[in-house]
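Peer 1: Okay, here's the structure, questions in a sec.
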Amino acid sequence: MNDFLFVVVPYICLTVFVAGHLWRYRYDKFGWTTRSSQLYENRLLRIGSPLFHFGMLGVVGGHVFGLLIPQSWTDAVGIGEHAYHVAAVGGGLLAGIATVVGLAILVYRRRTVGPVFSATTVMDKVMYAFLIVAILLGMWNTVAGSILTIGGEYNYRQGVSVWFRSFLAFQPDADLMGDAPLGFQLHALVAFGLFALWPFTRLVHVFSAPLGYLTRPYIVYRSRDQELGSHRPRRGWDRVG
Amino acid sequence: MRVMAQMAMVMNLDKCIGCHTCSVTCKQAWTNRSGTEYIWFNNVETRPGLGYPRTYEDQEKWKGGWELNDRGRLVLKAGGRLKNLLTIFSNPKLPSIGEYYEPWTYDYSTLTDAPAQEHTPVARPKSLISGKNMKIEWSANWDDDLGGSTETAHRDPMLAKIAEKVKFEFEQTFMFYLPRICEHCLNPSCAASCPSGAIYKREEDGIVLVDQDKCRGWRKCVSGCPYKKIYFNHRTGKAEKCTFCFPRIEVGLPTVCAETCVGRLRYIGLMLYDADKVLEAASTEEDHGLYEAQRDVFLDPFDADVIREAEKAGIARDWIAAAQRSPIYALINTFKVALPLHPEYRTMPMVWYIPPLSPVVDVVAETGEDAEDKGNLFAAIDALRIPVEYLAELFTAGDVAPVDAVLKKLAAMRCYMRDINMGRDPDASIPAAVGMTEEEMYDMYRLLAIAKYDERYVIPAAHTEQAHSLEELSTECSVSEYGGGQQDLFGEGSGVPTPIAVENFQMLQDRQTSDSLAGPEDKGARINLLNWDGKGSPPGLFPSKRSGS
C-alpha cells in the first residue's frame, strides 16, 4: 500500500506534471495566462492577491528549505534543532497565515462578485479545491504537529524530507512516508494531486514569473519574421520522389 | 546614425465632424469578439471632455508614460523594474471596468416573446460582464458633443491646467473632436512596462504589437500606456491594442479607420528617424522642448547621407522613395503644421495632429466680422486665449507659441486661397506674414484640401519575396488546420491559433443570432475564407443543423 501511495502515485503525478507542461506549452501558448479578473473587481483583489501570493512565495521557500536541505547540513553550519524549529515554525506560521487569509479573501471574492464567478471555469474550481485542502492540511501539520504536538512530536526532516529526496533521486523509500503522521501523508498526496492538475489550470502562470524583466532592455524590437503569422509558413519546395 | 522607418499618421482635426465612422469600422474589423466589448482601438473624443477611459490624461493619477528622475534620467512614471514586479499581483493603477464603461446589450427577445399585455414590452439593458440587468451610466463617448459637459467637463485634466475659468455657457463654449488610435510611439512605455517582453516594436515599420503567445496577462502595459490605448481582453486574459491594421499596411492599403474616414482627414506615410537619438530626445529637460526634440529625431529623406545610411540599414529603395513622398514628413517637417499628442508623456508618439482652427473661426463668424480676413483671424488667435491654451495643453505640453504659429498658417492659407478662388490677385504678403512663400502656401493647400487617395496614403508594401508569410496574403495553409483543437478546455481562446486577418460572415451571423449574451461557442466557427482553397467543407463554413428547430 505504501509503495502504491508514496511511489507509484507520486511518480504518475510527476510525469503528468512534466509532460503536461510540455504539451500545454506547445499546444496552447495562447491560453497560457494568469486569467486576471482585476478588471472586474479591484477592492478585494488589492488586499487578497498580494497577501496570498507573497505568502505563497514564503511557503514555497519554506518547503524548498525544509524538504531539500538535509538536517546534517544545517547541523554542520551550527544551526541547532531548536533554532531551526523556531525559525521554521515562526516563518511558516507567518507565511501560512498570510496565505490562508489571502486565499479566504480571494475565494470569497470569486464566489460573491458576479462577473468573477461567471468567469470561473470548472478546472478552476477543481484546482481551488485541491489548493485549499493542501494549504489547510499544511497549516494543520504546522500548528498541530509542531506547536500543539498533537499525537507526539514528529521531525519531518528525518522522515518526509528524506523520502522526498529519495523520491527525486529515483530511489524512493516508501516506508519513511508510511511512518509519517496521517496529516503529512494526506498533505503530500493532495499536493501531488495538485501537481498533476497543474499544467491544465491557470497555475501554469507560475512558470512565467517574469524575472527576465529585471535585465532585458526596456524596448523590444522584433523583425517581421516567419513566425509572426498565425501559422508556420510551409516550405517553399516540393519533395521529389 | 541608425536609420529606422516608422509608419505614422497625421489627422487634420479641422475636418473631423465627429461621426465615429472610424471607431465603428475599426470595431467591426478588430474588436467585435466577446471579451473586447469595451475595447475601442479607435475612439473619437469631444474636447473639452473626459476622454476614454475617463480622465486618462491625468498622469498624476494614472502614472502612465515616462518622467525624468532627480538625476535627469528617463524612468517609467509608475516606478522602476523592481517596483513594477513587486506590484504584479495587483496592479495599483489599473483602471477598473467602471472607468471605461460596463458593456451591455439589450434583451431584445422580450419584444417578441412577451405575452399580450397592456403596455408595450421593453428591451432592458443587460450587462455583458455579469449578464444581469443594469443601469446604463456611462459609455465610450457619453460626453459626445459636450453632452452633460456642465456636469463633467470641469474634470477634464487639460482644462484644469488652464488658469482662466472656463464657463460652460452656450455662447462661450468651443469644442472639437479628437480621434485617437495607438500612437505607435518611438519610445513606447507599454513595451517598457511589459514584464513578459510580449510587446514589441517591429523593426521594419515601427508598428507596436502584442505577441499574443507571449503575453501572460500581467496588465502592466495597460497602466504603463499614458494614452490608455492598451486594453485587457477579459475573456482571453491577454492585452490587445491597435495594430495599425498591419495586414493591410503590409500590402499597401491604409488602415481601416483611414480608409473609411468620411472627412478624409487622415494621412499615412513613412518617417525615417535616427534610433540612436530617441532616448536623448525623450530625456529633454524642459517639457516645452519635447516637440522640437522629437522633430530633430526625424531624418531628411532627401539627404544623401541619410539615404546611404538607410540603405546600409537594409531599408529598400522603394521605401526610401516612399519616405520622400510621405505626406507625414511634409506636414510635420516641411510645413510644420502637425503637432504630437501629449509630448510631455515622453513616449515620442507617432500619430500627430493638425490643431483645429475652427473654434477661432466660429467665434469670429459669430461676431458678424469677416471670418476669412487675415487681420480678423490673426487678432482672434491672439485674443482667444482659452481655445489656444487648451490646444497647447494637448499638443505642445502647454507651450502656446507652436500652436499659435500653426493656427496662423492655417488662417493665412484661408485668406490667401480666398483671393485666388474669388479670381482676385493673390496677396504675397499673406504667406510672408507666416514665413512662407506663395508656392509653399499653395502646396500646403493642395495637401490639406485636395490630396487624393494616393497622396494621402503613401504606403510602400512589404516586399513580395516575404509575401508568403504576410498575414493578409498567406495562402499556404489549408483551412482545416484552423477549426480543430479542443475548445474551452482552458477558457475561451485556448488551443491552436486562429487567423487574425479576417473574421467571416458566418461567424458574425452566429454571434448576432446566438441565444447567449456573449457566448464563446462561436470560436469553433472561425474560418478564414481568404485562405480557403475551395476543397472540402471546413467546420464552421455552414451553420450547424439544429435538430428540432
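Quick reminder: no glycine exception, Cβ is built from N, Cα and C everywhere.
According to TrEMBL, the heme b 1 binding site annotation covers A:HIS53, A:HIS63, A:HIS205. Among the features that TrEMBL reports, heme b 2 binding site is placed at A:HIS187. Annotation source TrEMBL lists domain 'NarG-like' at A:2-224. The annotation transmembrane segment is assigned in TrEMBL to A:6-23, A:44-70, A:82-108, A:128-150, A:182-200.
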Peer 1: For the binding-site residues listed here (A:HIS53, A:HIS63, A:HIS187, A:HIS205), tell me which residue's CB has the most neighbouring CB atoms inside 10 Å.
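Peer 2: Its Cβ has the most other Cβ atoms within 10 Å: A:HIS187.
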Peer 1: Top stretch among A:6-23, A:44-70, A:82-108 for CB pairs under 8 A with the transmembrane segment (A:182-200)?
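Peer 2: If we count Cβ pairs closer than 8 Å to the transmembrane segment (A:182-200), A:6-23 scores highest.
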Peer 1: Between the binding-site residues A:HIS53, A:HIS63, A:HIS205, which lies closest to the residue listed as 'heme b 2 binding site', Cα to Cα?
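Peer 2: The answer is A:HIS63.
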Peer 1: Mean pLDDT for the domain 'NarG-like' (A:2-224), rounded to an integer?
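Peer 2: Across the residues of the domain 'NarG-like' (A:2-224) the model's pLDDT averages 92 on the 0 to 100 scale.
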Peer 1: Max Cα-Cα distance in Å among A:HIS53, A:HIS63, A:HIS205, the residues listed as binding heme b 1?
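Peer 2: With A:HIS53, A:HIS63, A:HIS205 as the binding residues for heme b 1, the largest Cα distance is 20 Å.
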Peer 1: Could you tell me which of the binding-site residues A:HIS53, A:HIS63, A:HIS187, A:HIS205 sit with their CB under 8 A from some CB of chain B, listed in sequence order (or 'none')?
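Peer 2: Listed binding-site residues passing the 8 Å Cβ cut to B: A:HIS53, A:HIS205.
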